[in-house]
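Encoded as structure tokens, the structure appears first; notes follow it.
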Amino acid sequence: MYAKVIVDVPSAQTDRQFDYEIPDNWKSIVQPGMRVVVPFGPRKIQGFVMSISEQSSYEQTKAVVELLDAEPILADEFLQLGNWLAEETLSFKVSAYQLMIPAALRTKVRKQLKANEIDSLPPHLRRLFDQGKVYQWDDLIKEGASVLSDVQAEVKKGTLEVEYVVLEKGKTKTQRLVQLNMSLEQALSLLTKRANKQIELVHILSRQPAPISIQALLEEGQTTHASLKPLREKGIIKEVDQEVYRDPLSGLQFERTEPLKLTNQQQQVVDQVNPCIQKEKHDVFLLHGVTGSGKTEVYLQVIQQALDLQKEAIMLVPEISLTPQMVNRFKGRFGSEVAVLHSGLSMGEKYDEWRKIKRKEVKVVVGARSAIFAPFDRLGMIIIDEEHETSYKQEENPRYHARDVAIWRAQYHQCPVILGSATPLLETYARAKKEVYHLLTLDERVQNRKMPAVHIVDMREELREGNRSMFSTVLFEKLKDRVANGEQSVLFLNRRGHSTFVMCRDCGYVATCESCDISLTYHRSQNRLKCHYCGHEESMPRTCKSCGSEHIRFFGSGTQKVEEELTRVLPEARVIRMDVDTTRKKGSHERLLSAFEKKQADILLGTQMIAKGLDFPSITLVGVLAADSMLHIPDFRSAERTFQLLEQVSGRAGRHELTGEVVIQSYSPEHYSIDLVKAHDYQAFFQTEMNQRKFGQYPPYVYMTLITISHQELMKVIDVAETVVAFLRRELSTETTVLGPVASPLARIKDRYRYQCMIKYKNEPKLRKVLVEIREHYQRELNKGLQLTIDLQPYLFT
Ligand code: ADP
Ligand code: ZN
Ligand code: ZN
């Protein structure tokens, strides 16, 4: 019997299956989807069993070294999904499988050495080894090449022996439990009368029907580990290790909530989706619901329907809005049925949440992108909230979009998918209009709450009228009123740091990172400049590097600077600042939000991370500083991103009894992506933007593929980019446009030059074949430092 194995190293030569003989003792156990350790060249590495076969087409095969699982960790569904995903994204199969298992299960195989006959070793090696003891190969490497070659020679002679050990990174966490090993009388008869501590412990244990943790026992007996020793020696107690879960939400309390009575609109939505869950019918719904229209309550109730039918559900939210509020709403409704998966969890916590899902101890997972791979096997509902968010697209190989995986899985399980948003991605809305997706609409806020009134302030005019402050007169007056009335405000700034860049007023020189070619950010607290791509730091220059002038200053405003200005003009306001700098520590995000919720501050000032998901009753004012900073990034979606962001931020205001207001400050207030926020008119935005896309020939009118090439040498990059473009132009049809090659917007990152080209096409059956050819052609050079990435669904054009 042979196992067809794919090894856990993503590369072209390993993207195929190898046959390994299955040793007799595992023949009845091994199944597709299990992990094995196999010899691969000189190494032993982890692999996944794809299938099992009676024959092998290879003449010589090696044997499986070790079987790592007692049951498949990749169910048949995932084996198929991985195949599809690899093809769809032009990536290696094993990198698709890696997405589906927690990092903790990515086993490492370590090489070790053991000295068999220490006396036969040459003297200079003898000092390195002890008889019978095991040494790590990695440690020996430090001894240098000459020692290693001598070691190799000894291995050949047999004086040193090589062993391979499998290192499981994701050890489960255990807790030691203790119980009596005999009756109370027997135990007491074995103890002397003076052994007071031990007698007390034995009494405590005799009152416990089940084993208790050692820690609990010692606490109750008010004693230390030392007191256990005599009990152990006399065999009075029995100890067992019990696995415990590392709980990312430990110590938190969740208030149980009951389903709300739905509004008519909400009910209509639920009535369309529920029959699909009942009848196991696959369908994709776009839920277009304005901010505050009660989408989350809809999600909760359709998930309830799935659970009532003994099915499971996945709820995806963008990483950024996995706020405690969202988790609260799910834990409050579904309690211990919920697992949470996001990047803030430790490797161990992720592993434990994954196992709870796999072992069917939970039925709902709330998580970010990768939670779409949650190993449920009776899916009844998949929801993607804020479906327009870019974080659903993975920006490294495999470059998949969670929506595509969701639709694939929903087809497999015959269940519905809901894509929800107040500002759907243009492509998604276009598909709904063409009835590829089912459009469901919630166009009113619940309980007749009004959409917030929006004021757009022209900052150029403010300047003409002599207002040089970063706050317009309108915004300042409204902020002041709110503080006086005890209402809360949110100030949103689409930036981070104290000031974005340092510029010379005399010559215009801007301080940039020498290896990334992007502006350095000034950090006030350290008086230093930092590169946010590679981490390079330098001190604040005193004079201009270009002309020597002393008029070199920081420009623009970051959250820190806004905070200072606020304290200056509104000293009575209590401000909480939330940005990358203030939320670095684990739990600080939660702490700041909860302080704001408890009304310990009047103003919440922050970046992107406060744009979404916040639902606080007393927010009645939202201010947006520098609304157009996103309009000028080199990306065909910049207008769409601006509208989405402004609409989302506005949505934080007036979600409850109090009506909300929004003030947007802009240097281009006439732009439709800003102007249309006034009327919260998604439809009008959609039409205008569709016309723009048609005119410029952008998605959804065409498909786009982005190829990025990078290398340390500029000439090499240009050379490869030009060859690739010429090849594309020759091979693809004349209707297809090939743009470039051009330097990428971020032309240099971490000392690598980057060039890109874009393919725009409507129908190009040869595309995949041609792209695979390109990838294969450069295969050997890829190992030599050339990077070539192919993105069939580009979202961010960096
Ligand atoms: P969205 O996700 O569409 O922005 P939410 O689901 O957060 O909106 O709902 C906004 C607010 O309205 C929440 O506080 C929520 O509890 C409340 N809400 C939702 N549905 C109802 C309902 N049927 N009756 C009363 N309040 C509701
Ligand atoms: Zn200068
Ligand atoms: Zn840099």
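Note that Cβ sites are derived from N, Cα and C of the backbone, with glycine treated the same way.
Residues or ranges marked as Zn(2+) 1 binding site by TrEMBL: C504, C507, C544, C547. The annotation Zn(2+) 2 binding site is assigned in TrEMBL to C513, C516, C531, C534. Annotation comment: TrEMBL describes 276-442 as domain 'Helicase ATP-binding'. The domain 'Helicase C-terminal' annotation in TrEMBL covers 539-707.
Neighbour count (other Cβ atoms within 10 Å of the Cβ, all protein chains): 13 for C547 (Zn(2+) 1 binding site). In this structure, the binding-site residues under consideration are C504, C507, C513, C531, C544, and the one with the smallest number of other Cβ atoms within 10 Å of its Cβ is C507. Mean model confidence for the domain 'Helicase C-terminal' (539-707) is a pLDDT of 85. The binding-site residues C507, C544, C547 include none with a CA atom within 10 A of the CA of C531 (Zn(2+) 2 binding site).
If you measure from the Cα atom of C544 (Zn(2+) 1 binding site) to that of C513 (Zn(2+) 2 binding site), you get 15 Å. Within the set of binding-site residues C513, C531, C544, C547, C513, C531 have a CB atom less than 6 Å from some atom of ligand 3.
With C513 (Zn(2+) 2 binding site) as the anchor, the candidate binding-site residues are C504, C507, C547, and the one with the nearest CA is C504.
Among the binding-site residues C504, C513, C531, C547, the ones whose Cβ sits under 6 Å from an atom of ligand 2 are, in sequence order, C504, C547.
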